[in-house]
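Here TrEMBL flags R76, E135 as substrate binding site. Residues or ranges marked as Mg(2+) binding site by TrEMBL: E135, D165. As annotated by TrEMBL, domain 'HpcH/HpaI aldolase/citrate lyase' applies to 12-232.
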Amino acid sequence: MGPEADSAASLSYLFVPGDRPERFRKAYDTSADRVIIDLEDAVAPGATVSARRNVVAALSGVDRLDGAGTIAAYVRVNGADTKAFADDIEALRAIAIEPRNGLRGIVLAKAECPAAVSRVREAFAAEIAVVPLIESALGLIHALEIAQSVAQTEGIDRLAFGAVDFSLDIGAEPLDENLDYARSQLVIASRVANLAGPLESPSLEIDDTDAVERAARRAKGRGFGGMLAIHPAQLPAIKAGFAPSAGEVDWAKAILKVEGGAGRVDGRLVDRPLFERARRILKDARVWK
């Protein structure tokens, strides 16, 4: 993981199971912009308690993972309507009071209302980011309120989408065309709340990195600002999918050459929105090179 960037510049968020502590350092040493240690879906049945102990050891520095100090990571906690949620929060609060602890944010599984975000926020200092994971119809209906509740805190981060659980909740096949509306709503809610673009649901493809790159490029085209990952092999494909292509960079440079006056590029009239898009492309090219 490179130098910690702000939320808007963070592109890839890599999950690592909380019951596999031997993978924590490996995940941290990848090119992921953020690492999420998972206490929810990725943990084997019956291993939740030991997973919490692993997280406490890794992020508080009780069991140092290197000679210099702790790793830095987000932690996905269980949904607010579960007993495990309270136990997760209690364990993480113990980390948060440690000096130089590695807890950077909370990913709230199955976020469905602003009150759930408030429960997380009340438990931690303002600098701890919160990422509500929208995975149900109820969460989608309240997406704008949830986004606004996140935006009111200092630990601003972003929304994220869980396509598989969302599809299961509404009884739909997890196909792109069935979830376009949901994805658009998360992008719009994030924009209204002045959050960074939401995080796309992770691809289930691991070996087919071309499929991961296509999914990332579609997410970028929809207005998403990054993507969740479930395996380190997906990270280069996510970066490639979000990074502007050479053709896009050339187009942006051509557009900006005529800025300051009326002009045409490739037979099209160039105006202010195109100048702004060109500047955004070149900025993205610098950030994600």
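Every residue gets a Cβ built from N, Cα and C, even glycine.
Ranking the binding-site residues E135, D165 by how many Cβ atoms sit within 10 Å of each one's Cβ puts E135 at the top.
There are 25 other CB atoms within 10 A of the CB of R76 (substrate binding site), with all protein chains counted.
DSSP assigns R76 (substrate binding site) to a strand segment in the three-state reduction. Spacing of D165 (Mg(2+) binding site) relative to E135 (substrate binding site) is 5 Å (Cα to Cα, whole number).
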